[in-house]
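Visitor: I'd like to ask you about the structure that follows.
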Amino acid sequence: MIKHIVSPFRTNFVGISKSVLSRMIHHKVTIIGSGPAAHTAAIYLARAEMKPTLYEGMMANGIAAGGQLTTTTDIENFPGFPESLSGSELMERMRKQSAKFGTNIITETVSKVDLSSKPFRLWTEFNEDAEPVTTDAIILATGASAKRMHLPGEETYWQQGISACAVCDGAVPIFRNKPLAVIGGGDSACEEAEFLTKYASKVYILVRKDHFRASVIMQRRIEKNPNIIVLFNTVALEAKGDGKLLNMLRIKNTKSNVENDLEVNGLFYAIGHSPATDIVKGQVDEEETGYIKTVPGSSLTSVPGFFAAGDVQDSRYRQAVTSAGSGCIAALDAERYLSAQE
């Protein structure tokens, strides 16, 4: 169970009003997020004696503290763990390591950030009318959530046959030598389908329209792969199974309106992700896709002192290990920035 960890200086103000206490809170560096990027940044900054504060949120981005990784049942590709472990277990270990080195972890959700002046200001959920907390630097590591279809049966079989990451989950035993399906019409869908052919008996790609949005080169690769079957003008209607694992997908041809049951043991969504950037919207440069724009090879953004790490700025890889590396980069960038301000 995740506990609320508060640094000692936050417990010595008994009797002081909430508004006065709020005015007194200033952090040298603040990390917003609770996934691999956030905790890796916290570990590096804490070991460098930068006294980081990490706001892990209550239900940030619709996910409990720990981020998207907590929805993954088995992780087999994170270095150092030859025996697979769950996403929740991995994040609990990272959290303990952050706390061990002195990170001030606060289980509150940051709901508003003001980057217009220094120090930066932030407010937490249910405290928007209070005096803001101030901070000299911010690392935003709020991640991105996979877009879901919300099909009937989806909640029952989420991570029990339904996933939004083929690279993360495609190799697990329940998918090996089984028919699988991918929903999407872009490059991501084609890439995931091609990846899944390493493990599946065959892979269906369900495309809503009568053509791909994918690049020509990706389309050619799909056409040449004998283990991939493309179903154009096709939508999914319902996920079915035995109550434990997915084994069927109800589909419909949008031209003929004919419905059928498609036998599949895995369904992968490849319809995009939504980066959690609402709290800084309009204050920092973003890519056209909504991801925070960073200087290549760094976590630097258009606002000095404001850094972005993990999936909130990575629209391509979105892996736990790449997020962790990004968190390390952000910590080093923030440390250099703060040292230069002294």
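From the backbone N, Cα and C atoms, a Cβ is placed for every residue, glycine too.
Bear in mind that the values here come from a model prediction, so they are computed numbers and not experimental data.
Summarising the annotation, Swiss-Prot assigns transit peptide to 1-23 and lists sequence analysis as the type of evidence. As annotated by Swiss-Prot, FAD binding site applies to 34-37, 56-68, ASN77, VAL110, CYS168, 311-320, with the evidence given as similarity to another entry. Sequence annotations record features per position, and here Swiss-Prot assigns disulfide bond to CYS165-CYS168 based on similarity to another entry.
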Visitor: Which one is it: of the binding-site residues SER34, GLN68, SER315, GLN319, whose Cα lies the shortest distance from the Cα of CYS168 (disulfide bond)?
Guide: GLN319
Visitor: Rounded to a whole number, how many Å is the Cα of CYS165 (disulfide bond) away from the Cα of GLN319 (FAD binding site)?
Guide: 9
